[in-house]
């Protein structure tokens, strides 16, 4: 939605054992892949039985996280434009409409179309046409542990002491900061991976930093490091905005967060995995008329949500308990040889048994505290907290924009749709403003009519499907779609008659309140973040006359009141599709669910979100009478006539998304 985008800057600290000096550290990256089209990324939670001593996942028994796998992909259709509030361009030019950044627990790679000369390529286990090279999940399965875009939760290489300032991260082109020998034995690599996971002691958070220094290239800069209980607490930041501030909530810094965020045109995606609280946060912000509103949401909404959920899904006592456990574990790790001998001696004195009993007691207390917290969770209050977080974020945005109205009146035009999903254990909380959607893939009820539909589909597709699936062994009936689509969100657009009636009832004196299926002939959505020119007359009057609307009265034409929904996961729930509205330009809810279901059956090692993006582009090209590559050769901006910016996140809800039909 819209036609603009912003700059991307990367600021974070080193991960070494020493406190960093307050100076910038720049690393030039060699020949990255073209990132202008979009990205595919994934997050696969490690199996706690394989890495049982990992500090990150040691609380698996006391923190329930239902999801197992996250697959995401974004593609841009709009050109790259700078923020209207930027005083200068720190990179000298804006040349990327898409960018991605994350901690090392995420793997990502730019979308790379298959060369024309390669000819038609079909996936090994099914008749699915390919347009892009392998995504990060498929590469991980194909390449094994030597591939840096694999499925490990952290970097394979243990940082060298000479490079302690370099905090290794999952760059989108898949290259490490330090090029080392890749001719290592498998045992050595696994040993390093396990050692790295066991010794990982740094916590990382994503937070916006206000100041940005000049640089001609993509670089790495140290920003801030704190020493907490003899450990470095690393604060990492990715700036899409030049006018943001660092949230100083100490409790947020004490978390162990894995995060990813990216842009595609004017879409923004934010994924935060909180190992500390056992929740997953996903935000998709579909901007329009400029990049400032979605950038502001990307930088500010999650910290406000976190603060509003205090006392509901987390509290200070948990943070304090974690800090004490952290301090205690550090003392254990730094014990001397004499202390180790004393430990062995205590074993013979049966003191070990008493310590084991004490450990069991503490674990039971933690489990009991968690269970009690779950029973006391008021879902209505959680949803209200999400709503309050959005309200406070928009108020802060409009207040800031109001102070800049004389210099940047175009801020009155900029807005964004909002889709937020918060998963805590088996509870899903969804908040949306606009027309982005959350669609749940559920196992259908085995009733007569559904069985009849399956029979019809099986008969219709028999000739076309069976010929293509000769190489796929096993039960062919599993290929027949058997999942239904359940939309958790409510569309706020002029396509919904209730929304149109609401606006007309609020403006009885304005016959042009909804014209040409748009609010005041301007906006398709009926609710949005920002877009002040449709909310207050003063914002409309600040615009150039050619952009002004005929504002009648003082009541707002659109609002930012979200739709809220709570869903308790059950045995029938399989996966959740979160997406901006660009996906549903070519898919219905049912088609999207069926496409993902069929794909993960035929291609268990593939990337479902990337597949949806790919299929969307195939459909857009076919509708326009061109092939896949011809569509992608159209410059961004002009390509917006054929498809919108699209951001998709597919979350597995059954513990393991990938199951083979073989």
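In case you wondered, yes, glycine gets a Cβ from its N, Cα and C as well.
Keep in mind the model is a prediction, meaning the values are calculated, not measured.
Take the CB of residue 286 (Mn(2+) 1 binding site) and look out to 10 A: across all protein chains shown you find 31 other CB atoms. What Swiss-Prot records for 286, 287 is Mn(2+) 1 binding site.
The Mn(2+) 2 binding site annotation in Swiss-Prot covers 286, 581, 644. Residue 286 (Mn(2+) 1 binding site) falls within a strand segment according to DSSP.
As annotated by Swiss-Prot, domain 'PPM-type phosphatase' applies to 249-653, with the evidence given as sequence analysis.
Summarising the annotation, Swiss-Prot assigns phosphoserine to 153 and lists similarity to another entry as the type of evidence.
In the three-state DSSP assignment, the secondary structure recorded for residue 581 (Mn(2+) 2 binding site) is helix. Comparing residue 644 (Mn(2+) 2 binding site) with residue 287 (Mn(2+) 1 binding site), their Cα atoms are 11 Å apart once rounded.
Mean pLDDT across the domain 'PPM-type phosphatase' (249-653) comes to 83 in this model.
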